[in-house]
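As annotated by TrEMBL, transmembrane segment applies to B:6-25, B:34-55, B:75-100, B:112-129, B:135-152, B:164-187, B:207-226, B:238-261, B:281-298, B:318-339, B:375-393, B:458-478 (among others). Under the heading domain 'NADH:quinone oxidoreductase/Mrp antiporter transmembrane', TrEMBL lists B:129-422.
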Amino acid sequence: MNLALLSLTLPLVGALLLILLRPAGGRWVIMINLASTLAAAGALHQVMQTGTQWLELGGWQAPLAIRFQLSPLAALLLLFTAGLHLLVALYAARSRHAIGGEDFWPLSCLLQAALAALWLSGDLFNLYVTLELLSLAAVALVALAGAKAYRPALNYLLLSLAGSLAYLFGVALLYGRYGVLDIALLSELAEADVTTRLALLLMSLGLMLKAALWPLHLWLPPAHAGAPAAVSALLSALVVKGPLYILWLLWSRIAPVELAQSAGGLFAVAGIFALLCGGWSALRAPYLKTLVAYSTVAQLGYALLALGLLLRWQEPSLSAALWLFVLAHGLAKVSMFLAAGELQYTLGSKRVRALKGASQTMPLALFAFAVAGGSLIGLPPSGGFLAKWLLLQPLFQQPQHWPWAIGVLLGTLASAAYVFRVVALGFDRARPTPASFHPDRLAQWLAMLPALLVWCLALISKPLLLWIGGVSQ
Amino acid sequence: MTWTNWLPLAIVLSSLVPGLIIFSLREDQTRLRVALNLGGVVVKLALVVALIAGVDRGLQFRFELPFLPGAPLVLQADALSLLFVALSSVLWLATTVYAIGYLEGSPLRSRFFGYFSLCVSATVGLALAGNLVSFLLFYELLTLATFPLVVHRGTPESLRAGRVYLAYTVGGGTLLLMGVALLHGLAGSPDFQPGGYLHAQVQEHDLALRVGFVLLIVGLGVKAALIPLHGWLPRAMVAPAPVSALLHAVAVVKAGAFGIVRVVYDVYGASAAAELDLMQPLLWLAAATILYGSVRALQQQEIKKRLAYSTISQVSYITLGVALLGPIAAVGGLVHLVHQGLMKVTLFYCAGNFAETLGVHRIREMDGIGRRMPLTMTAFSIGALGMIGIPPMAGFVSKWYLGLGALEVGQDWVLLVLIGSALLNAGYFLPLLWRGWFAPPADWHENNWANERWETHWMLLLPAVFTALLALLVGLLAGTALSPLGWSQLIVNREFEI
């Protein structure tokens, strides 16, 4: 637990110090992230030995206490968050054009701290606080892109506040009905009465809005596409996963089984729509980063589908699929946004069309994009493939479940279509480049690094599943 | 872990590692690139020879890596995989030499040869894959590695062909994934074994097994170009000639056909496939593809297009032999895997030589080409006559066994298909031979390499002559134990436990 707290406090203290002292940020943040990653890895190692740990803040006992809980999954997500921040910071320190200003550094630290607190929180109000912090940091980061990003940032802020409010209402209703907010306690008490239903509905809507789950996703593409590249990477890979985590806690832990089963079907259908609509919009998007942003909408559909089927069939093995989608998508999306940022900066245009011949002019960045795309499509041996494989296993067990496989099939084809739209363009004939054309090789390699990692995920499937599975027992 | 564990992996890596290094080379580092290419080929061939010798002495070669839960990544050598590995390694040797000559002086060679090596690594991995999940992995990698080769020229036409290729193969790959996942749910992913491993499930899960079979065959049928999944193959003809050779003979189409053999024999097993009534539809499909491909080939006026449709027809002989489910027909199908590869690769080399040397693309431009390029035309004639099935050429051996096999299992109508196809083959190949040898020479605009010692660049000529000789030899020496025919009989004996 101490290591986990260290992994949380390091970026928090770092953010405050960076704001107060204003040193040149990059090097410090990389060091903070590295230390935080190591601490999270240590925490994961520890929690695998001891099992889930609890920390009562302020020394009060439950039900009064505010509890932090460190499960293997929370530790894994902690490691994931710190690791992705490290990867992004490495790239951002090299490519100053991708961060939108020195304020990026403290804000990204704050974002990391908010996320770490979110994974560790064990009660609904605490989760609300971390959610608010997360959204504020995220909105500020979007606004770093300058005047043209103010509008999407403002939309993001308003919708995010609306989402928080809905969530808070739900929390209040639950508190009025049961008198506790601790998730472990609520899971024993919850019944399927009107208050609980209303609370779950409000909270789910709020969270779906914040996580940009279909059909409440419309704010995401302008915000993620408008932000600086490094920010987009963090937003797509991590920020939308926070509310998703709470949604998962809410429905798999607190909601009574019969409610969860009926809601599961809705979630699953929404997931398939997300895959199709997001994929279609990505296919039509005129700008590269908009394409990648819509692909986030589509890929969240996989997570939503896994969540829905998990609830509908009460099949705990599907939560492994859900979290693998999250991990694989996070890594792939970081790589994709960084590669997109590098491509659009060096080629001097935001349009997809500008990528004509990129396989000759900027082969590394295009390759990074393609490799990350391979994981989104779910090609073996990437993490996306492993997740899809785990999703398909329970789905094929009974013939009446087979029609859901068509959703997965369509989702795969849609993602293949938009990924290969970009890749195929890259193999077009290149125009001769001007003498001033100097792509940054190191930055491109840094963009490729997460994509290479995600392609190895299936090879470490055994420990990964152990870490994730520690939770569902 | 001893060397017997690492050898299959080393065979895959022997082309993968040079490929990855080649990507990082500058365009002007020609010598290093050629050295890496040829070094990889030679090492691979040596390793394959060691593998064959080891298997002959009864050693077990198996490499295992943890992969999916319950489904490790397995590379292993059995008789069937050796057949395919040996074929693709030998043809890779010839095609590498050919490609070096073909692309001399053209741009983007590092990219080309990088993907070229990846493509062969995927093919060899697919041949050595020891279970369905490993097979799926390399099957998808093959799709990815081939796409850049198809669009290599970067013309609008080749990009369009590339898009069509991707649409077909990615769709097929997804269906294959579904099928593999379905079967994994039923019986796990054990190693391939002669006689299959699904026989115990036939009573209980007949529906799931049938659905799984359809998914697998459709997924594999895309690459094997069974109708109606063949549309990508003729379009992919816009790629450079070495790529066509690779697509048609060494890697892609063969991978599909090889997969069908694997699924029928080593996953379902002949007896389970028969009990589930799965083979009759596949047989009809294969027969229809054979006739359709031949008829369409007859209509084509471009040499490469005609060859492409001919591939669609010829590869289906393999499927036909498997679908007949008798031991004799199986020998015919398997041996055709090798025979078709050798003959078709020869034809494509020759077509490429005509195009590169004299700018000949269409059939009517071939008039009298035999006088200007006698060696190439001789090789072309050997390939074409073999395709028609004139004894004692290689194609005749395959068709003989297919015909006997059809009679053995009482499917006499297949004989009509075979005869019809042979007539159609003669119909679309013999005019080419007549024009090439006997018509008065046409007036060729280009005349590259006119001052060479040979009729064309020696690196273009040598592979064509080499594979033509091989095609001739495997037919003439079919009776010996080490020939593809003897080897196929060994595989079939194990499957049918004769």
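Keep in mind that glycine also has a Cβ here, set from the backbone N, Cα and C atoms.
Note that TrEMBL annotation is computational and uncurated.
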Other same-chain positions with a Cβ less than 8 Å from the transmembrane segment (B:318-339) and lying at least 6 residues past its termini are 80, 83-84, 87, 224, 226, 254, 257-258, 260-261, 264-265, 270, 273-274, 279-280, 282-283, 285-287, 289-290, 386, 394-395, 397-406, 408-409, 411, 414, 417, 471, 474-475, 478, 484-485, 488-489, 491-493, 495-496, 498
Does the transmembrane segment (B:112-129) make contact with the transmembrane segment (B:164-187) through 3 or more Cβ pairs under 8 Å, each pair 6 or more apart in sequence? no
Could you give the residue numbers and ranges of same-chain residues that sit at least 6 residues beyond the transmembrane segment (B:164-187) on either side and whose C-beta is under 8 angstroms from one of its C-beta atoms? 70-71, 132-133, 135-136, 139-140, 143, 146-147, 150, 197-198, 200-201, 205, 208-209, 211-216, 218-223, 229, 231-232, 235-236, 267
Could you tell me whether the transmembrane segment (B:75-100) and the transmembrane segment (B:458-478) are in contact, taking contact to mean 3+ Cβ pairs under 8 Å with a sequence separation of 6 or more? yes
If you count every Cβ pair below 8 Å, which range out of B:6-25, B:207-226, B:238-261 shares the most with the transmembrane segment (B:75-100)? B:238-261
Same chain, outside the transmembrane segment (B:207-226) by at least 6, Cβ under 8 Å from its Cβ: which residues? 139, 142, 168-169, 171-180, 182-183, 186, 198, 201, 232-233, 252-253, 255-257, 259-260, 263, 267-268, 272-273, 276, 278, 282, 285-286, 289, 311-312, 315-316, 318-319
Distant-in-sequence neighbours of the transmembrane segment (B:135-152), which means Cβ under 8 A and at least six residues beyond its ends: 67, 73, 108, 111-112, 115-116, 118-119, 121-123, 125-126, 129, 158-159, 161-162, 165-166, 169-170, 173, 176-177, 180, 223, 236, 238-240, 243, 246-247, 251-252, 255, 259, 262
